[in-house]
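These notes are about the structure you will find just below.
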Amino acid sequence: MSIRFLKRLRAPLYIQNAYCSKNYFYRSFIQYYSPSNGPYLKISMNKAPQSLGLCTARGDSPTNQDRMAYGYLNNLKDTTNRDSPFFYGLFDGHGGTECSEFLSTNLGKIIENQDLNDTEKILKEVHSVGGYMAGLKPPFSLRTVLQSRDEDLLWRARLYYSFLQADMDYLTNYARPSPDSAVPGAVGTVAIITSKNNLSYWESDSYIIHLAHVGDTRALLCDSRTGRAHRLTFQHHPADVEEARRLRRYNMGFSRDSFGQKRFAWVANTRSFGDGYKLKKLGVVAEPQLTSIHSLRDDWSFLTLLSDGITDVVSDDEVVDIIKLSESPQDAANNIIRYAQNVGAVDDITCLVVRLPGWKKRTINDFTKNLRLEKSAYHPRRS
């Protein structure tokens, strides 16, 4: 395994159905052999609680601006002999639902259809925005990517350019004819899971998780052997040293809000989709953090994607303990939402739980039981 470990009042008491991309429902299923060596049995993912858990709830705002999407990237199977890669995405909107809705509907298709031979066109459009964007340089050369047979590099490039293209496509549709005006934006995390053979990742002895991330959503893995949480993403925030260094090369638009939190321009996140061309020129880009994790079958019990409405009030260890003590991924997602509401979540809260091959091997130890009891007892709204 290779992985980068990072050290880094009031919500309605009900649970809404998950908002998911309808475009992926028709191809979102698990295949089972039934009977042995017989025909495939296909079960829709949103009706497979033992494999995928989805739950979301509105915060204090009038509408829930979080969105989720999942499904096979079927077009990519045409170029390989392997099972289709699977796509999971969580998008946390702000200023409206337009951007998170756009991403849940379109980002999977953009990733699926991304032609790396056309990336110069994407960069040309990005550079035409001006300001910070005019000097944006990919973390890898196009020539290296086109000549490479390294699947990790090819996936990182596909995700990198897909995030940039989605950002430009959204702004083209929503930021005209007033290009300098603010428009709704979103942050998000996408996980692509592939296997190294022609089996689905849940049947394979080894698999790879490719992650792309902007903003303050979060991805966690649970180690099957130790039961511990491993964070895969970090928050793109003005307080982050690397982000502050990146932005200070071009401007000094840092300030603090009334709570003492560091902000850049008028936003809390230094990377996001949408938000208007003016912020793009200042450096609030959709350039993603990219991570690839090579895993053996029993390494990880589950992957979870979370919006910051949860992580603001629930620690990583609490999240992982609640999930691993649940009977199924769907029960786990429901339990996370209920607990976040119980301990004072005020923002929209969304949880997506993906069962990984090590689910049955997970270590059932509860490191945060006392902490959760104390927090639940302290908060006036307790279940």
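Using the three backbone atoms N, Cα and C, a Cβ is placed for every residue, glycine included.
Binding of Mn(2+) 2 is annotated in Swiss-Prot for ASP92, ASP308; the matching candidate from ASP150, ASP152, ASP347, ASP366 at the same site is ASP347. Excluding the listed site residues ASP92, ASP308, ASP347, the same chain places ASP66, VAL187, ASP216, THR217, SER307, GLY309, ILE310, THR311, ASP312, ASP348, ILE349, THR350 with Cβ atoms within 8 Å of the centre of the Mn(2+) 2 site Cβ atoms. The C-beta environment of ASP308 (Mn(2+) 2 binding site), restricted to residues of the same chain at least 6 apart in sequence and closer than 8 Å, consists of ASP92, ASP216, THR217, ARG218, GLN235, ASP347.
Neighbour counts of Cβ atoms within 10 Å were taken for the binding-site residues ASP92, ASP347; the minimum is at ASP347.
In the predicted model, the domain 'PPM-type phosphatase' (51-356) shows an average pLDDT of 89. According to its DSSP assignment, ASP347 (Mn(2+) 2 binding site) is coil.
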